Every structure is written in structure tokens, then in C-alpha cells.
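Quick look at what Swiss-Prot annotates:
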BINDING   C498, C501, H519, C523  Zn(2+) binding site
COMPBIAS  243-253  compositional bias 'Polar residues'
COMPBIAS  283-301  compositional bias 'Polar residues'
COMPBIAS  542-556  compositional bias 'Low complexity'
COMPBIAS  562-574  compositional bias 'Polar residues'
REGION    207-253  region 'Disordered'
REGION    283-307  region 'Disordered'
REGION    534-574  region 'Disordered'
ZN_FING   482-523  zinc finger
Amino acid sequence: MRESNVSIVWNNKASVTINTVLYDRRALDCDSEMSLMNSLSHLVYLTSTSPKIREILTMDGGLMRLMNILRAGRGQTFARMTIWQLALQCVVNVGIRGSEAIRIRVVEAGIVPIVVTLLDDFLFALESVVSHHSRFQFSLTPSTTPPPSSASAPFPINSNISNSLDSVSQHNSSADSLFVNGDVPSPFGASTASSSSRRVYSVDLRDSGDVQLPNQSTFRHSVNRDLLGSSSTTSHDRSSGSIYSNDSFQDPRVQANSPLTIQRISSAAPSTPTSTENVNYNMTTPSSPSYSRQTGPASETINDEIDSPNFFFPTPLNIMTTTQDSSRDVQLSLNNVQSQALNNRQRRNQLLPGVPSTSALLDGRRPENVVDYHGIASFFDNFDKKINKLPREEDILFGLQILAYTSKNYFHMRPYFESSKDVPSLRMSPLRSGSKTWNIFQLVEQFTLKFYPPQVQYWARAIMNNYCRKDESHGGIRRCANLLCNKWEEHSRQFAKCRRCRRTKYCSKECQHQAWPGHSRWCRVIHKDGRNSKRESSKINSVTESESTASPAASVIPVGTESVTSSTQSDSRL
């Protein structure tokens, strides 16, 4: 039995660690984070320089111990994240620099499910962030198309006021259909509700005579009326000159506890039909916006709070904030929101040149998957805890490198790559984990897009080229390059090659047409002139080699010796 590697201070016993000249298997079983971090940092150096250490790790159980560290997850502390990162680098060094037998052991130990989880989480996070970034850019760009009106105005509004209100509502109508199926809590936390972080957004309309109130009555102008359902019924009271909800004042508990309250300021002077209208949107706190109407001496303050989609990037004029369900049961009208989101998608076409569009990401996704709208909405729930589980760029690069080396010529290991599971403990969101079978080549093909770094594109293309290699153990046959087709050649040169790269083969025109959107990103063009020049250079080299073998002494003689010998012979004859 191996002795447990623990540090006992009162017995003057130190834990066993690994250094640059000594490897001890017990150091990987240490429960101290600091000593384990120190041992793994030295093990990274040993696995990159010593072939003997790489072989020993696959025999004494050290490789399985590293895999268990990777499956356990990163954790939330700096020490656990560093230990996870060092363990991944050790496994990558063993798989890249090891022999064929060592690479097979690494694949059998379970490195492919870990890489599958990293790649899919990275793509999922990138799609979510890009979709929110595109909405944020759209909210900053001026829009000329007015939002769809769901109900007619109860009184004539001047064009200046209507344009100003439309500009405010357009900033708030950029909600996509990804968020209409549920409430999204705020990712900024409850600390933003303090008094020091209060923001005030106001829109003042000071033209006299712009608003006319018929019959000396006021009305309740709800913000973004098309998002309110039929449950918010209102009633007119001409004697008091106010409009309010029926169920807001009947139950005192609703008025005291519900965040949706109406405060009425009475005045003895009546309101005039033509007066100065000041519309102020005051956001006192991030969770309690207020809408204030002041008509002459009489004023009425209405605090409205309705459900709205919460963005990861806050818009400058966001007067709609998220709230919890109150006793009023304010419900969203799904049809209006979907039609409004459809119009917003049509207007959200101008993005920054350096940011990839959402359509480009969705085109690169695997064919059989549909974008999970609920998953994208849940990605920003508790984002501060998920940021530690977000795959880094070096993690993606390490994963692609080890896949490129382990999928090279090992065709008997293809089932590990084409039918792999994920690791639920490594997932950022529990909604992404499941019993689905993943094809690693379908995930890797998405990293051949142009906006990825050149190193990521290089290794992704190398993996896709390995997928199209010929199987020399079965007579040099190739597989159809369509990722959804599993046909192999019955004999060599049965399938037709791609005309551009002359590497991939397809069993039919349908497979080539179906696989071309993905294959076009990693298809390298081979020019005929280049191939002819290579052939000519090979012929010239073969001719020179034959001449050198025929007369080896002639190549040793300098260039000017023939003229010298001929001149001496002529002198002797004279």
C-alpha cells in the first residue's frame, strides 16, 4: 500500500513533491493545494523534456490521476484553477511528445470527452456574447424605422413628441426573441441598487401647446404599451381627473408590498386643455423606474415597472428593467414581442467590421443542432460564477493540438473521436450537459473560420486533413469527406477527389454539395503550375543524380581545367 502523502507539522513531516530532478508518484496524491501546484509545475517541465517520465506516467497511474483532476473541474479558487491548468498542460505534453503507444493510452484514458466539453462551451459562450454584442451595437446606432404601434393614441400627439418617444422606445425595443419565454435576472447583482450607483435619464419636451387633453381629463400613458397584456385593466375617473388600475387600491397589501405602485398628487387647480407638457423618465434605481407627467399646476406621478429582457450590455436609454412577478400578474404578449423582435432582427445588420456576425457563427455550427434559446438566456444567469469555468484561449489551443496528434494515423481509434460524451462537471451551464453523442470533427470544423487566430485555424485544418487521410492498413482507401456520411471506398480511387485541394474525396455530388459550406474554409487550392514545377524539379534532380553516378570524377574537376589542358597540349605540339 502506498503511504498517504500528507504534511504533518507537529511530527516534522513534509509532503512529498516533484522537482526537476526527481519524480515521485506520491506527489500527485497530495491533498495540499500549494504542494500539488508546485509538483505539477515541475511535472510540466519533466513531461516536455524526458521521454522516460512520459512513459512512466502511463504505467504507474499518474496519467489517470491527471485525468481525474481534469474531470473534477476548475473550481472557484485561484489554486484550483492553476492546478487544473497545469494538469491539462501535462497531459498535452504526454500526448504530443509521446510515442504512438503513449498517444493511444492518452486517448483511452479519456482526453477526448474533456476536449469536447471545452470546445462546445467555448462556442456556446462565443455565440451568446456575440448575439448580445450585436444587440448592443444596434441600440447605439440611430434607427429611422418607428416601432410597431399596438394601440392608437387616445389624443392627438404632436410630431416632435412622437418622434422623441419613438426614439426612446426604439432603444428599448431591441429585445430579441431569445428572452421572451422567461424572466432573466440581472447579471449585475444586487449591489448596483445602492444610492451611489443611481442613474437618471430624462427626456424633456417643453413645447407649449403640443399636447391637448380633451374634456380636462388625464390619462395613463404606459411605457411601451405593446408589452403589456390584457390583465392590466384601467378605469377613467373624470371627477378626480385620474386613471389608475382597478386592483391597485382595492387591496392595501398590494399597495404596500407590490413594487408596481401609483402615487397621485392632488391639486385644487384644474388642468387646462392646452398647457406645457414635461415628460421625464427618471430612473431612481435600477429596479424602480418612474414616469412623471406634469400638466400645468396639476401633476401626477406614475411609477411603472414591467417585465423586460435584461441585456448583458446596458443600453444608454434603457427605461425598462426586470422585476419579479407581483400580485398584479403582468404578463407579456407573446405575439407582439415576436413580431417586434422580427422587425428588430431586420434592422440589426450593421455591426463592427472586426466582430463576427451571429449568422456566421450559426452557419459554422453543426448541421443537426439548433440554437438553444433557453440556454443562451441562462448563460448570463450567475455570470460571475460561470466566468471561472469559461475555457481560455490556451485551453482551446491545447485541445486542438492533442487532437491533431492523436487523430493522425490511428484509424482504430476513430470511435473515440466520432462518438464521444461530454463531462458534466466541466460545463458552465447544467442545461448544456446531457446524454448526447458528439462528433469531434464537427466541432473542430467550426474553428476554421477566418476570425479565429491563425494558430487555431492551423490546428483545426490539420485535424480536418487527418480526417481525410487514407487508411494504409486497408489498402489505402479513403472515407467520404462529408461528416454526415459514413461510406468508405471499397477499393482505392473509387471516390472522386476535390478539384481544389486534391485531398478530400466524396462518394457523390450530393455529399460534396452538403459538405462544401464547411469544407470551403479549410480547402487549400493546389495550382497546376505549382504541381508542374515540382514535377520538373524532381526530373531535373533525377537527371543530375544519374549524371553524377555515371562520371563521379567529372564533378570534382574545376571549371577552368579543360582550357588549361588544351593549351598545354598545343604548346607541346609546337
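In case you wondered, yes, glycine gets a Cβ from its N, Cα and C as well.
Remember, it's a predicted structure, so these values are computed and weren't measured experimentally.
When Cβ atoms from all protein chains are considered, those within 10 Å of C498 (Zn(2+) binding site) total 19, not counting its own.
Excluding the listed site residues C498, C501, H519, C523, the same chain places A481, R500, R503, T504, S520, W522, R524 with Cβ atoms within 8 Å of the centre of the Zn(2+) site Cβ atoms.
Annotation for H519 (Zn(2+) binding site): spatial neighbours A481, C498, T504, criterion Cβ-Cβ under 8 Å with sequence separation of six or more. Local packing around the Cβ, expressed as the count of other Cβ atoms within 10 angstroms, is greatest for C523 among the binding-site residues C501, C523. Broken down by DSSP into helix, strand and coil, the zinc finger (482-523) contains 11 helix, 5 strand, 26 coil.
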